[in-house]
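Remarks on the structure that follows.
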């Protein structure tokens, strides 16, 4: 048999130049026929006899043509193309119905494409590196199944002893670094990444300019000040200048030499942020957020994200076994730091679904809701295709009578459904693009670049087109099977033939029930989210958010020492208090309901019996100054607030919230109690005050424990200044700039904005986008359910026209006909409503467990959603049923 490569041109020619090939085939066979006729005449036969013998010898021209076509092995494709052409002509005869079905499917697929892009970006999109499936994330684990990063010493031990990997690399994000291209320019804040010397090699990333890091540039702390620029940063800051390699830039005031530029294909390994530059881990001290930390020595300073490339002959299970052995060895060698600690090996999918479960759960919820909309759209389209198939009864009967096989007709009808679904899929991709574009325009108020990683990539396009094919099968298979199963004699006599049996309409009825149920579930989900969100806002946040200006500072950007940092903040607040329109000032490491995460505090309460398997408890904490509580309007319910006397030399003190006090001392006064920081042997801290419990991370969070430490005793270089004013906070921007310039003209002001803006974005706008998306799902689902019920009742009216005429001829009035036509539709709506309520209760439990932490059933939501559904669907059934009451008996019975 000839190789396919040599026959491919002929096959393509047969498809693309079909008429020409048929003409050439006809000419070739005609030539052979004439030659045989001439031979017969030469033998003495008459022309008619010679032609007859020639045709018999060739077994007929048409048979020969079919054999030649079969040799090309493209007949199945040409038949399919013929079916497509016929389907296009057939669909053009019903443009209104075709357009409606296409738009229905386009809407369903388009509503699905946007959540698919979210799910792809947050879960499935592979790392932008060579052979991403080989990249594993290594994590430290505790006995209570908490997963942490590794310390530098642990990373070095893993790198030296792990044999399952071809390389082990580490990284540490830098959220705010002072960058200046020249020594005499004011630094601007940029984000970067500390990486190990083998980082690019392990990931398989080759710089597009210059080189990556060498191993010796990551061995001596503070020695090799070199930097690799990210491609986007290189374009923005250096206008894609190829001579940037060798140039000196300043990071946090220190000089760094540019040695390379990362490739365009490598935006980084993080989802929502892209590093602007990469520097060696050996330079970590320069970028440390806590000068007291010993990054290169402390085994308990777990900050490094460790990734490793698995050797091709090693499985994940084998690598995990080795990690278990190494973890037990570390525990024996370093019991103080590694007691009860293990290590896990995670693939990309496991990391994003187990450790980043919030993004995973949100993506799954939106995808499931979108698939619900798509299901409603498909059921609606299937109902319309069933109605369309009924009008073609005589056509199909004629084809069957002429010898067409049932399978051939089913293939033809499925091709029509496929054409509609593909058109709907293409339209849905356009709708999906529009939805993703809206998400891309969502502005995140941050000075550091935050990316929205959702896009219509090849995987999303493939999924959308695959859904189109599934829609074709879902929408077209039932009509194709039903319309080709008929009484042939009855089908030839009339175009109005029903399939025999009591279950002839079960498919249409099931479609309407599922549409109503899914639509009610979507409406309930959107209404419950709105109610839950408004309820959480109505509970209040526990502090005053208005008339506040916030400015972030980080004196490390200009190489301040800890003493200089404390002096800067003290002078800043003192001078601002004397400024007109300033009512008070406060300092906090993280404002509540902001974009940054609070630091975790490990502690042991005095007098509290610890579980055997735990060394300490964990809670969130904030570092604040004495003016923070009055500035934010957070009341001190017992004890006192921080004072200037709570200095670094004074005994350690803390303020806890009411929830913390009730949790650990439910029947005692927590003021005067102590807890120890960093485990049983850490420094003792005395509780001097109880603050009211407020919202810290989310407006819909449960009440949680929280601890405040004074900044003089728990120094944090990066702080946020909160300024309370009686007027417009933005009017204070210039006075604050003047005060800062008077203290140090080189001090950068980071993220200057009103707190109201931050609150609106983080706590209102973001959730509102999700609520609007779910609300859109519900509205579209309701619209499609309405259209589906309308189609069913209209179909019944058309199917039972003669019956209606007979009933009216023997005395039935219009109300009887209206009841007859609407009755079954409303019964189906009732069944769908009951099922939808069950689905709604399930969704409510899921939302309460994930978001709103509420219990019970929100009765008001269902008291609103169910009547709306019943009203809309009743109207959808009434309109076509009303038309049935206007049928004239003489017209309905004209064929009888």
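Cβ coordinates are placed from backbone N, Cα and C, and glycine is handled just like the others.
Keep in mind the model is a prediction, meaning the values are calculated, not measured.
Copied over from TrEMBL, here are the features:
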type	residues	note
TRANSMEM	97-119	transmembrane segment
DOMAIN	98-322	domain 'MacB-like periplasmic core'
TRANSMEM	362-386	transmembrane segment
DOMAIN	368-487	domain 'ABC3 transporter permease C-terminal'
TRANSMEM	409-436	transmembrane segment
TRANSMEM	456-478	transmembrane segment
TRANSMEM	509-530	transmembrane segment
DOMAIN	513-725	domain 'MacB-like periplasmic core'
TRANSMEM	773-798	transmembrane segment
DOMAIN	776-889	domain 'ABC3 transporter permease C-terminal'
TRANSMEM	825-847	transmembrane segment
TRANSMEM	859-881	transmembrane segment
Taken over the domain 'ABC3 transporter permease C-terminal' (368-487), the model's mean pLDDT: 74
Segment proximity, the transmembrane segment (859-881) to the transmembrane segment (362-386), 3 or more C-beta pairs under 8 Å: no
Contact yes or no, the transmembrane segment (859-881) and the transmembrane segment (509-530), 3+ Cβ pairs under 8 Å, gap 6+: yes
Counts of helix, strand and coil residues, the domain 'ABC3 transporter permease C-terminal' (776-889), according to DSSP: 99 helix, 0 strand, 15 coil
Distal contacts, the transmembrane segment (456-478) - CB-CB under 8 A, six or more residues away: 101, 105, 108-109, 112-113, 116-117, 120, 124-125, 374, 377-378, 381-382, 385-386, 413-414, 416-418, 420-422, 424-425, 428-429, 432-433, 436, 507
